[in-house]
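This report refers to the structure that appears directly beneath it.
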Amino acid sequence: MDIDFKEYQLRCELRGHEDDVRGICVCGSEGIATSSRDRTVRFWSLDDRKFVSSKVLLGHTSFVGPLAWISPNSEFPKGGVVSGGMDTLVFVWDLNTGEKVHSLKGHQLQVTGIAIDDADVVSSSVDCTLRRWRNGQSVETWEAHKAPVQAVIKLPTGELVTGSSDTTLKLWRGKTCLHTFEGHSDTVRGLSVMSGLGILSASHDGSLRLWAVSGEVLIEMVGHTAIVYSVDSHASGLIVSGSEDRFAKIWKDGVCVQSIEHPGCVWDAKFMENGDIVTACSDGVVRIWTVDKDNVADQVELDLYTSQLSEYKSSRKRVGGLKLEELPGLEALKIPGTTDGQTKVVREGDNGVAYGWNMKEQKWDKIGEVVDGPEESNSNRQFFDGIQYDYVFDVDIEDGMPTRKLPYNRTDNPYDVADKWLLKENLPLSFREQIVQFILQNTGQNNITFDSSFRDPYTGSHAYVPGQPSRTSDVSAKPTLKHIPKKGMLVFDAAQFDGILKKITEFNKALQSDQEKQNLSLTELNVSRLGAIVKILKDTSHYHSSKFADSDIALLINLLQSWPNAMIFPVIDIVRMLVLHPDGAILLQKHFEAENDILMEVIKKVTVNPTIPANLLTSIRAVTNLFRNSCYSNWLQKHRSEILDAFSSCSSSSNKNLQLSYSTLLLNYAVLLIESKDQEGQSQVLSAALEIAEDENVEVDSKFRALVAVGSLMLEGLVKEIALDFDVLNIAKAAKSSKDTKIAEVGSDIELLSKQK
């Protein structure tokens, strides 16, 4: 198992499209086809290691989306491309001539996906149907979903898989639906095959999922902050995704290992056979990314791309609901204000700075720099009295009275806001319910319950409101939270089994060639036995019925105990997956409960300095996976302190995968210890999670999971007061100001909890 990862760098940019590039098709070794909102398909050929636009395919009358590659055959000696468009048409193109061979008409709405099934073309559409085309004719059509079908792929075994706006995936054999995959909470937008493992899906809910063909979710990947449009995988085990958040993210073993920023939405991302990545961006540019140092763009091109990103972000930056570039310069301060406290925001360099008019001294006093939070969430926020708000309403109380400004944040209690605002504006409290209903209707919060008891915002005392009880309960409702509490356990359930076996074979040969260690090497029979174990683990569709022999478990334990420390990580990786198998988990548990607890032995062995990163990574993930099966709950609680202490160094590791694994371990422990009402254990997890949350060098996903653990423990655990003693409020405020949306959101959740009595 190789835990190293080489970062992708820009190889080249392909310019030619005049609008958003929407789709990519890697055409074997022939080149790349791309589709665009400019109504064209372009084919880029490889010429002396450079890609050039060799053909422009014209015919669609609206933007073009999905593409598929027809390998060279007797009909298409240089291959063909199939394209689908907003114009409801599917075109088949001959790359030898650049001519359109077939125009396939039948769909009623936009074509969203294309798959090649032997000599047939299968297309999906917003009209909820799949169509099968043969020799230019529609031979089959059926309603695949009750909502728009957004994608279709063909599995190596011949079945089709569709993704839909109804949030599901469906597995098809012919026109028969074999299985419906449920799990996403929004539209399933992109699909891909992950060889040997199953199906990848990308969703508007911001997540990616890897599914076994049986329907089981093997792993969920969360990291994007907006709609995920596309997903693809490579033979190396890497996954790439493209999103509206402007990032192409690269994933390994379920963990995001690199985020490539773009100057616009990433509509599509695909791997080439050599591992290079092609991305389609809304700026009209196709980009190729590589890990091959010989193919990386020269420094001038790299600097130019950095400059493009900077210019794009600068043009998008907003202050008080306005683009930075639209703000007036300092010369605007030469114009006197009209009222005391009047606020004006001006541009100073790359920032917006707020000034308030001092009527007494007849000058503008600097209030301070306007600090934006996450770009997407703040792009529509408004500036009022030097402060940003989600909303600033114009309130017309009644005829003859002037319009008043009412600022409001979605995290506020509308009753509290109404009370304070009415007192500030010197308006009667009889307007209270009218103001609250106005806020709820205009923020879409009608279905949320808030504490409506009145407390004077300045004195804290109650007051009589006509038509209301003289005093209401002091118990307030739970706040509405976005990311907490966490329910269920997270696991690391994707594995590169071929790579694991290859590494074990490599180590075994090394032992065989070492005279002093030959006795530790595996026999051919045992090597074959390991292959059989892996075969069972690969076949997730039969987990309910497949079994392991006691001798299988004995073989793995023997390797863990006898092999040199530097060689055991691929064996631990097999154990990591074994504990997710129902029968394997039960058989292995016997050896955990024995006097010579094999797993604790391994943990102690791999965490002794000097540590080996691969050992740490595989072992902490193996422990994390134990949370999936309740039969290990007692063991995990019994050894909680030892386990957390043993792996504590992972939190400060420079290895992002170790950081994430440790945060995931803490999050799972938080869920388990909340269920068991173990206050001592909760306190230990809280302390460790807060340490991660405070560390500025921790990777975003790791910090997010640590913060979710903190919030969950505060909301449903027994340690809220302890958290407050640890100054969790300031940690929450720091998170809330993060430029990463999900960190800011969970920070806001914890801030709400901290202030809740």
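First residue shown is number 1, and so on along the chain.
A Cβ is built for glycine as well, from the same backbone N, Cα and C atoms used for every other residue.
Predicted automatically and left uncurated, TrEMBL annotations should be read as such.
Annotation source TrEMBL lists repeat 'WD' at 14-54, 81-103, 142-172, 181-211, 221-252. Marked as domain 'PFU' by TrEMBL: 356-453. TrEMBL lists 482-753 with the feature domain 'PUL'.
Non-local neighbours of the repeat 'WD' (142-172) in the same chain are 66, 109, 112-117, 122-130, 178-182, 184-193, 195, 199, 201, 203, 205, 211, 213, 215; each lies 6+ residues outside the stretch with a CB under 8 Å from one of its CB atoms. Beyond its flanks by at least six residues, the repeat 'WD' (181-211) meets 113, 150-153, 155-156, 161-165, 167-171, 217-222, 224-233, 235, 239, 241, 243, 251, 254, 494, 497-498, 538, 540 of its own chain at Cβ-Cβ distances under 8 Å. Within the chain, the repeat 'WD' (14-54) has long-range Cβ neighbours (under 8 A, six or more residues past its boundaries) at 60-69, 71-72, 78-79, 81, 83, 85, 93, 95, 98, 264-265, 267-273, 278-288, 295. Averaged over the repeat 'WD' (181-211), the predicted model has a pLDDT of 93.
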